[in-house]
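Below is one structure; the comments refer to it alone.
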Amino acid sequence: MEESRVRQLPKIELHCHLDGSIRPTTLRTIAEKQNIPLPQDEQALKELVVAPEKCTDLNDYLTRFDFVLTCLQTAEALQAAAYDVISQAAEDGVAYIEVRFAPSQHTEKGLRLPEIVTAVLTGLKQGEEDFGVKSNALLCGMRHDQQQAIEKIVHLAHDFRETGVVGFDLAGNEVDFPPYTFEDVLALANQLSIPLTLHAGECGCGKNVADAVTLGATRIGHGIALKDTPEYLALLKEKKVLLEMCPTSNFQTGTVKTLAEYPFQQFIEAGLAVCINTDNRTVSDTTLTKEFMKLATWYQLSYDEMKQLTKNALAGAFLSPDEKKLLNQKIDQAYLF
């Protein structure tokens, strides 16, 4: 596959974290406006926000978010960050993207939860107008927060369902807070008909993935731990659950150490629906184009297979049938070569 063609082909991204995907140059602008000190040297700034190829573990990887979050505590900063992610998506040939973020992590300077969501949606929509990339938002509850606080995020997702929030996610420490910790929260989301995509099996165990599906998730973020529990693969196939795989990130965090361990082919051969994502464009120093090129190198991925992975993403996207139909036509048209 040729990188320039892969970049041009319309792609769908469903697993992209706002706070992990802001260009260092944009972050510098955001920080300077708030008088937040940061390294003058571009390389030093990059080292602050880009994780090394091999982190000691997931927590080591996540330290890159600490500085970024200190900069994302104003409406202006959040709007600029969201706009920046859409401009990157446009350069990457992304036709549709779902950008996720945790509102509870942006309240340090007194922003109210609805103000936070409004700021991000404003940036996304401005980006859509300027660059032609369709986008929606997903709200994350942080697993370490109080249940009551997470329930507020579920209600928030419901309140903004007409203006660009299309789903709910749980992110954070999966080992200490497995899915059944949140049975009531997820029951509320199901009751309010909020689509669920949950982080599960990034670390921890395959049972977390099965439990997340049982609790209503139609998509799973990562799901890598399923490789060690093949008994759950049939459940995901039967329920037509989409696995949002993020290759670069999964190696960086130490979720897998070698290519032989990476379960991409195992999942495909088991008949599971898989899609490819960046996770964190800046922290993982990647693009969706780079992710597909990695698969081409590792598995000799073909254009037909890339198209199928893109269609898997579209099928699992939290969009209306009409919106999917238009994007489907765009994908089919682009692959006529």
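Using N, Cα and C of the backbone, Cβ positions are placed for all residues, glycine too.
The active site, proton donor annotation in Swiss-Prot covers GLU202, and the record cites sequence analysis as its basis. In sequence order, LEU58, GLU174, GLY221, HIS222, GLY223, ILE224, ALA225, ASN250, THR253, THR255 are the residues of the chain that are 6 or more apart from GLU202 (active site, proton donor) and have a CB within less than 8 Å of its CB. According to DSSP, GLU202 (active site, proton donor) is assigned to coil rather than to any helix or strand.
There are 29 other CB atoms within 10 A of the CB of HIS17 (Zn(2+) binding site), with all protein chains counted. Sequence annotations record features per position, and here Swiss-Prot assigns Zn(2+) binding site to HIS15, HIS17, HIS199, ASP279 based on sequence analysis.
Annotation comment: Swiss-Prot describes HIS17, ASP19, GLY172 as substrate binding site, evidence class sequence analysis. For the recorded site, HIS17 (Zn(2+) binding site), the DSSP three-state label reads strand.
The feature site 'Important for catalytic activity' is assigned by Swiss-Prot to HIS222, with sequence analysis given as support. Other Cβ atoms within 10 Å of the Cβ of HIS222 (site 'Important for catalytic activity') number 26 in total over all chains.
Over all protein chains present, the Cβ of ASP279 (Zn(2+) binding site) has 27 other Cβ atoms lying within 10 Å. For the pair GLY172 (substrate binding site) and HIS199 (Zn(2+) binding site), the C-alpha distance works out to 8 angstrom. Distance from the CA of ASP19 (substrate binding site) to the CA of ASP279 (Zn(2+) binding site) is 10 Å.
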